[in-house]
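Below is one structure; the comments refer to it alone.
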Amino acid sequence: MIPNTDPITMIAALVTVFGVAAVVWLLVAGGLRESPWACLCLAAANALLGGSFVLHDLPSLGGGALQAWWSDALGLAAFALVRIAVPLVAERRPPWRLSALAVVVVSTLATQWAEGGISIGQKALLYGTMGVMSLLAGRDAFLLLRARGLRARLSVLLVTPLLVLGLLLLARPLEAFLAPGQTGDLNGGSGFNIVWLWSALVIALALNGTLAFLLLLKLMLEIQRLTQRDPLTDAMNRRALSEAMDAEHERQRRGHRYGLVLLDMDRFKQLNDTLGHAAGDAALQTLVSVVQPCLREVDLLGRLGGEEFCALLPDTDIAGAALVAERMRVLLAAQSFAWNGQSWALTASFGIAESSPDDPSAAEVLRRADQALYRAKGQGRNVVQAVELESPAPST
Ligand SMILES: Nc1nc2c(ncn2[C@@H]2O[C@H](COP(=O)(O)OP(=O)(O)OP(=O)(O)O)[C@@H](O)[C@H]2O)c(=O)[nH]1
């Protein structure tokens, strides 16, 4: 049951919520330094929404159509900012031109009407645009959450405040059209207005919560990336790859063999000494960009340290690993690498191994691949080598 509250009290509560949220977003923008533009947009959106309600309710301004129009225009600009903020959280280009155009066009058209009194058409245009912007922000947030790997149901749940708010905004002109003159202004204490204000209050809180969650999710994924990725090459780091190898070794108990391709850049120290450390870093990035496309989506590439990398190939035998390694070797040797006008032939040596049910752990498979790599280096580098599994001793 919705309590029968005085609309002025409800509006005061809404203004307080928007005011507090604006301050919190400002503090987050300044203190966290994460997605500052998105946070500033959200601070401004909350401030504008609060301002919109204050303007709506301040009798000292004399009321009238123009004051009401200003109040709605601030609300419109606030929704444009929410629409812009969602892609900004994901560091994507926001549709700011379209949103600004919508604000300018709709405000201009609405001013014309405001001069002759607020019409149902004006309401439909203003609230309709706000509602559509809220729905579009909800859609963008949904796509963002899905792209970050969240399940569809959870994503829908999280963006529900934006969608409900969109529908709530669309309900106002519809209600004005269905019952003209019945409810009119928000200050009127009609049942519809009270329900609308209560819903707006709850959704204002939920909306800010959703947007804060988007930011938190981004931070969590960033932390996860930092703990699992090598910062220079963006390949997996040694610990993450080793965990993936252990998991794959477990899967082997259910009959899934896997292959390893261990690769080590040739004469990397010489490259560093001749062209400099920065050139060495660029060469490592080039190596990853060349070998990564040789892998399937299920394969994983990790940097074990220095100029040594390892590719984990699930459901792959030694022949498959040899094919992948040879493709990598040929592509890398064909890659032209130059630093400050000086070209350098990039090559790598490869050691491959296939898991066996007799291997006690993934470390044993890696040890064989390392043996093979050592052999490849001994054979003059830029070659692929394998170490055959030792066949069990014949029983006597
Ligand atoms: N630029 C750069 N150099 C690194 C990095 N990590 C390790 N190194 C350097 O990589 C070099 C590795 O040298 P070595 O282990 O002798 O290997 P190599 O010169 O490639 O010799 P071979 O493997 O036998 O062909 C060392 O000079 C390290 O300082 C890095 O992240 N960036």
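Backbone N, Cα and C define each Cβ position, glycine as well.
Taken from TrEMBL, the feature domain 'GGDEF' covers 256-389. Residues or ranges marked as transmembrane segment by TrEMBL: 12-30, 37-56, 68-86, 98-118, 124-142, 154-174, 194-217.
Against the transmembrane segment (194-217), stretch 12-30 shows more Cβ pairs under 8 Å than any other of 12-30, 37-56, 68-86.
Of the recorded ranges 12-30, 37-56, 68-86, 124-142, the transmembrane segment (154-174) has the largest number of C-beta contacts under 8 angstroms with 124-142. When averaged over the domain 'GGDEF' (256-389), pLDDT in the model lands at 95.
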